[in-house]
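Chemist: OK, Swiss-Prot features for this one:
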type     : residues                                       : note
ACT_SITE : Cys121                                         : active site, cysteine persulfide intermediate
BINDING  : Phe258, Ser259, Lys260, Pro261, Gly262, Arg263 : Mo-bis(molybdopterin guanine dinucleotide) binding site
Amino acid sequence: MSQIKPSRLSSSAEIRGARQLDVLQRHKLAEPQQDWLAEEVPVALVYNGISHVVMMATPKDLAAFALGFSLSEGIISSPQDIYAIEITPGCNGIEVNIELSSRRFAGLKERRRAMAGRTGCGVCGIEQLDDIFRPITPLPFTQAFNLEHLDTALAQLKQVQPVGQLTGCTHAAAWINPEGELLGGCEDVGRHVALDKLLGIRAKQPWQQGAVLVSSRASYEMVQKTAMCGAEILFAVSAATTLAVEVAERCNLTLVGFSKPGRATVYTHPQRIK
């Protein structure tokens, strides 16, 4: 399998996922100049030769994305269910070819659904409303987080957003330990993709104690993905939706929104928060 490493802050000359383009800057006078824009390309996830989904994503950390998506969608239960990941750039996008174990591929074929172009919609391609909610084993109560350490994590979040710092155009997802130290993270133009990338990286790291921190709002799908990968606490910089709160309550996940320096809103299972 492709090696997955935690993201690091890079110089602008090294940054993947951003390009400079000619623009016309308008203030009082029109002035031609160059500006950085985040890249957004179609990425097809292909399992054992069969295309499963095409999503718009920033073309970096794609092996982590493939692993995290496979885990958070319940296609696999552990990284060992994937034998290989191969990334193939093409003229119209990127193919990520994932070789599944025969048992997992058989399961995928049974539940396979047509899902195309899902950048922010978890309902696309689902035939029945009941299929929106995947069965999730209720999380145990083994984690705790002191909100005094949240400020430390928030101050470090931009470290995993080199493209975002250049363009102002990406979401971030990071894993923070109970002391608020940011252990690793990812960015993407899509908030769900950024989270999947993080979950893929976490699956290859010994990170158990801690929480997920995202720079976006918390939708039901963000909650579902987090819980599917066994994380017990999700901090969102913005708000949560009503459905996100319902799903978090049901699966025993502690959901925290409006995570800002010195304050936060705890929506569900506050016993994990000190």
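Glycine is treated like the rest: Cβ placed from N, Cα and C.
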Chemist: Would you mind checking how many other C-beta atoms are within 10 angstroms of the C-beta on Phe258 (Mo-bis(molybdopterin guanine dinucleotide) binding site)?
Modeler: 16
Chemist: Work through the binding-site residues one by one (Lys260, Arg263) and point out the residue whose CB has the fewest other CB atoms within 10 angstroms.
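Modeler: Arg263, out of the binding-site residues Lys260, Arg263, has the fewest neighbouring Cβ atoms within 10 Å.
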Chemist: If you count Cβ atoms within 10 Å of the Cβ of Pro261 (Mo-bis(molybdopterin guanine dinucleotide) binding site), leaving out that atom itself, what do you get?
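Modeler: Other Cβ atoms found within 10 Å: 10.
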Chemist: Residues with Cβ closer than 8 Å to the Cβ of Gly262 (Mo-bis(molybdopterin guanine dinucleotide) binding site), same chain and 6+ apart in sequence?
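Modeler: Gly262 (Mo-bis(molybdopterin guanine dinucleotide) binding site) has long-range Cβ partners Asp151.
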Chemist: Taking DSSP as the reference, which of helix, strand or coil describes Pro261 (Mo-bis(molybdopterin guanine dinucleotide) binding site)?
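Modeler: DSSP call for Pro261 (Mo-bis(molybdopterin guanine dinucleotide) binding site): coil, neither helix nor strand.
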Chemist: Starting from the Mo-bis(molybdopterin guanine dinucleotide) site formed by Phe258, Ser259, Lys260, Pro261, Gly262, Arg263, give every other residue of that chain whose CB sits within 8 Å of the mean position of their CB atoms, in sequence order.
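Modeler: Once Phe258, Ser259, Lys260, Pro261, Gly262, Arg263 are set aside, the remaining close residues are Leu150, Asp151, Leu154, Ala264.
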